[in-house]
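What follows is one structure encoded as structure tokens, with my remarks underneath.
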Amino acid sequence: MKSIKGITFIFASIAITLYAWISAGATRNITAGLALTTLSLTFMLATRVKLLEKWFNGIEKMYFYHKLMAVFSVILLVMHHKSKGFGLWSERIPARLGDIAIYLFISVVIVAYISKKLKYETWRWIHRIVFIAYIIGLWHGFTYSRKAFTSVNLLSLVIGVYAVLGLVSGIYIIFLYQKIGFKNNGKIVSVKRLNHDTTELEIELDKNFDYRYGQFAFIKIFQEGFEKAPHPFSISGGKGNKIFFTIKNSGDYTSDIYQNLKEGTKVKIDRAYGHMLLEKGKEKQIWIAGGIGVTPFISYIRENEKIDGNIDFYYAYRGEENAVHIDMMKQFAQKNPNFKLNLVDSKVSGYLNFDNYKLENGTTVFMCGPVKMMDNFANVFNKLNSTVELVYEGFKFK
Ligand SMILES: Cc1cc2nc3c(=O)[nH]c(=O)nc-3n(C[C@H](O)[C@H](O)[C@H](O)COP(=O)(O)OP(=O)(O)OC[C@H]3O[C@@H](n4cnc5c(N)ncnc54)[C@H](O)[C@@H]3O)c2cc1C
């Protein structure tokens, strides 16, 4: 299990919190105390910091545990509210603060689960209300359990450390990340429309950009009319201070890129993320790309002359009009006999199928494409040979 360090961190945080409340003989408020720790973890897991990304093996896993901690916190808060016998709207002001915090938390968690219908930007703004609820919750805890917060013992230390970590994480991700997290400034030097819906951007940065083939980055585009939120895209090539993104029109922002983006526009990029590191695969590899999920593989093909191991590459798309960079792939395959190119047009030959595939021991399978496709293939590969290493990434982490 590659997120082992991250999961241990969560369990250790929970264990030390329980121990601190029990050893202080303050079990009456233990559920609320635990909720303060799990809320602090919820904020930490939204920060995209490198250390946590490493511990959890990718920011999409961080987001998964972020959601889990948020739901767990709400359950704890409801338990706390019930155990105190509070009604829907309390009499006393400090208890009312607790009511407000709980209602805000519950509303945001519900919105997060029905958010598919909301615009991503709207959802992001609503999401931030949780930070106000967290501050109100801390204030409520402070007014009710002042002793637990202010005495000098393990309990106040645990409460203090997690409160500071939660507050700093919230302030960082809401107010600072957009300003200080994007350290790479650049401009778009070329905008190429590759087909009817896909654009390729070539960007020149003010300094060299460090990434591994298979990784992605968040980009902010400073052209009038463009949404301000950074969007994630796989890096589809580049060396030194040059970087490419290949972007399919799939919503407001990406359609703006296809239709309106101009050369010369200024951009900012944060850093490279992601655990799908193509160079870290074993000698024998299988690459599977579905649709625009081909972009992380393009970076390797674009920037390398020769491959060392053996790669079977499957690129699945629906109709040749939807495929990109097929010529580049064919040229790469000609130079590299160990690179077996399989172009699978589902309009012609149906969906890819690995049910009878001879999967050798010591193979790494890299996949990027629709989540359903990858889950299905992961099941098939696990049944065929449980020793293979499966590394895959979807283009979604809401
Ligand atoms: C790790 C990763 C790598 C990706 N690489 C590529 C790529 O190489 N090429 C490509 O074409 N697409 C890629 N995507 C998908 C791309 O980020 C979305 O298609 C794009 O952000 C959609 O924005 P929109 O406004 O056009 O569409 P919308 O309809 O607004 O959004 C569609 C979906 O995209 C996601 N999304 C939207 N905005 C954001 C945001 N600011 N941050 C995170 N997710 C968001 C949400 O899940 C949303 O439901 C990648 C996504 C991820 C997570």
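Including glycine, each Cβ sits where the backbone N, Cα and C put it.
Here is what TrEMBL says about this protein:
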TRANSMEM  7-24  transmembrane segment
TRANSMEM  30-51  transmembrane segment
TRANSMEM  63-81  transmembrane segment
TRANSMEM  93-113  transmembrane segment
TRANSMEM  125-142  transmembrane segment
TRANSMEM  154-177  transmembrane segment
DOMAIN    181-279  domain 'FAD-binding FR-type'
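For the transmembrane segment (7-24), the partner stretch with the most Cβ pairs below 8 Å, chosen from 93-113, 125-142, 154-177, is 154-177.
Here the transmembrane segment (154-177) has Cβ contacts under 8 Å with residues 13, 16-17, 19-21, 23-24, 26, 33, 36-37, 39-44, 46-48, 128, 131, 134-135, 138, 141, 148 of the same chain, all six or more residues outside its ends. Among residues of the same chain six or more beyond the transmembrane segment (125-142), those with a C-beta under 8 A of the stretch's C-beta atoms are 29, 32-33, 35-36, 39, 42-43, 70, 77, 94-95, 97-98, 100-102, 104-105, 107-108, 111-112, 115, 118, 148-149, 159, 163, 166-167, 170, 174.
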